Structure formats: structure tokens, C-alpha cells
Amino acid sequence: MNDMVGRHCLDSHLHLQDPRLAAIRNDVLARAAAAGVARMFCNATAEADWAEVLGLASISAAVIPFVGIHPWHAGTASAGWEKRLTMILETSRCGIGEIGLDRKCPVAMERQEEIFSRQLQLATRLKRPLSLHCLGCWGRLREILEHQAKIAALPPTMIHSFSGSSEIMQRLVRLGCWLSFSAGLTDPKRERLRRVFVATPLHRILLETDAPDQLPFALKTAATPPLNEPANILALYREAAELRQIDLENFIHRIWNNGEIYADSLLPR
């Protein structure tokens with residue numbers, strides 16, 4: 001890949017604050033910069049890591065922070081969390097994420113929906129971008145988003161690591177959502193996901209590593225796989241551009257532009 005191609009790559013969803021990256025974080029950031037990953041949307045998962053995500057954004061201009069409560073942590077959200085989140089959003093330029101719904105999560109769905117809906121309403125009121133998680137709850141997620149959209153326009157909303165059907169893709173695109181695809185695209189066996197990706201309007205596509213998880217298929221080994229990191233997104237860009245039959249340089253540029261609506265509202269002014 002020539003230098004210009006890699007200079008403005010976007011990684012639309014990852015977790016640089018993950019403890020598994022702690023000992024190598026500086027190296028990870030250096031490799032990302034060398035690979036041309038110039039913007040990374042770093043998502044918290046619980047209140048315990050909000051400060052670290054914000055701290056990473058303060059030391060790296062490439063890191064755009066998102067703070068929120070993931071469905072797996074909805075059951076342990078402590079009293080006053082919403083007030084504390086609001087204070088952060090009112091004093092910091094950050095989005096809300098990673099939030100959403102997860103059918104495999106042991107937290108009761110009623111509690112998940114409560115925490116998710118309150119964060120969705122907060123994002124709508126403050127006009128902050130959203131990074132959403134959904135596993136096995138596509139119909140319910142769509143219903144909640146459609147209901148909220150009738151009350152007030154949704155802020156920029158991405159569905160991270162999208163794996164839904166073509167019908168769900170079409171419904172979410174009609175709502176104005178962006179769909180962020182991850183390393184599943186690099187697995188030749190994920191035929192349905194690849195078909196959905198090819199059918200998704202190009203202006204609604206984002207790409208992510210979800211680091212340190214979801215290592216690209218070609219980088220996996222029989223032994224314990226290494227941790228994923230933002231520099232690895234170049235493998236995903238190559239595969240995705242080939243699937244869409246688009247020149248790689250042009251494709252990288254298009255995805256960067258798709259992410260501008262998120263960055264424009266969050267970058268320091």
C-alpha cells in the first residue's frame with residue numbers, strides 16, 4: 001500500500017483502554033500511526049473506564065472518545081450514573097458508546113432496555129453520536145430506534161460490528177444509521193454477511209477492528225491468536241474494497257468521509 005493510501009484510515013470502533021493492551025498500548029498507538037490509522041473511535045464499556053478513555057483522547061489526537069454503559073454492565077450500573085454521564089458529556093467532546101442490547105447477556109432484558117433507552121434519550125437531547133451494540137435483538141433495537149426517531153431526530157448512529165440480515169440493514173439505513181463492519185468480512189465462510197455488506201449503500205458503511213478482539217481471518221493462527229489492534233484494519237480495508245470492487249485508495253477515502261459526521265461534532269474546536 002502506498003503511503004498516501006494509509007494516511008487517513010478510520011477505525012470506527014475499538015477499546016484501547018482494554019487491560020489486555022495496557023502493557024503494549026504505546027506500541028499499539030505507534031503501529032497505528034505508522035499504518036496511517038489517523039482516527040480511532042475508542043469506546044468505553046462501563047463507568048469504570050470512562051476516565052481512561054477520556055485520558056487516551058487527551059494524549060492522542062487520533063483517539064475520539066465514546067463513553068457509556070455496555071449491556072453486559074447494565075446490571076452493575078450504580079446509582080447516579082446518568083447524572084455523572086451527563087456531566088461528562090456537558091464538559092467533554094465525546095460520543096456515547098458502547099451501548100445497546102445483547103440476547104446472550106445474563107442481565108435481564110428489561111434492565112438492558114432501561115439503561116439503553118436512557119442513554120439513547122440523552123444522546124438525542126445533547127446531539128451526541130452513538131455507537132451501538134446489538135446481538136440477537138435486531139427487531140427490538142429497530143423498534144426502540146424507530147420510536148425514538150418519531151419523538152426527535154436521531155443523532156449520528158452507528159451499529160458496531162453489524163451482523164444483521166439484509167432486511168434489518170435496509171430498515172436501519174432508512175432510519176439514517178451507519179453500519180460498521182468488522183473482521184467477519186475477512187472470513188470466506190461468512191457468505192451472508194458479505195452479501196449484506198455488498199448490498200449496503202456505500203455512504204452508510206464504516207469499518208472497525210473492535211480491538212483487541214476480532215482478529216482478521218488471515219491473521220489468525222492455530223495457536224492462541226495475538227490481540228487485535230488498529231494497525232490490522234488495513235487487512236479489512238483491502239478485503240472490503242475487493243468485495244465492493246472499488247479501488248482501495250478511493251474506498252479508504254470514502255470511509256473516512258463517512259466518519260466525518262461523527263468526528264466533526266467531537267473534535268476539539
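Even glycines carry a Cβ here, placed using N, Cα and C.
Here TrEMBL has HIS13, HIS15, ASP210 binding divalent metal cation 1, and the candidate from GLU90, GLU98, GLU143 in that same listed site is GLU98. A Cα-Cα distance of 11 Å separates ASP210 (divalent metal cation 1 binding site) from HIS133 (divalent metal cation 2 binding site). Closest by Cα distance to HIS133 (divalent metal cation 2 binding site), from the binding-site residues HIS13, HIS15, GLU98, is GLU98. A C-beta separation below 8 Å, combined with a sequence spacing of at least six in one chain, links GLU98 (divalent metal cation 1 binding site) to HIS13, HIS15, ASN43, ALA44, THR45, PHE66, GLY68, HIS70, SER131, LEU132, HIS133, HIS160. According to DSSP, HIS160 (divalent metal cation 2 binding site) is assigned to coil rather than to any helix or strand. Each of the binding-site residues HIS13, HIS15, HIS160 was scored by other CB atoms within 10 A of its CB, and the lowest score goes to HIS15.
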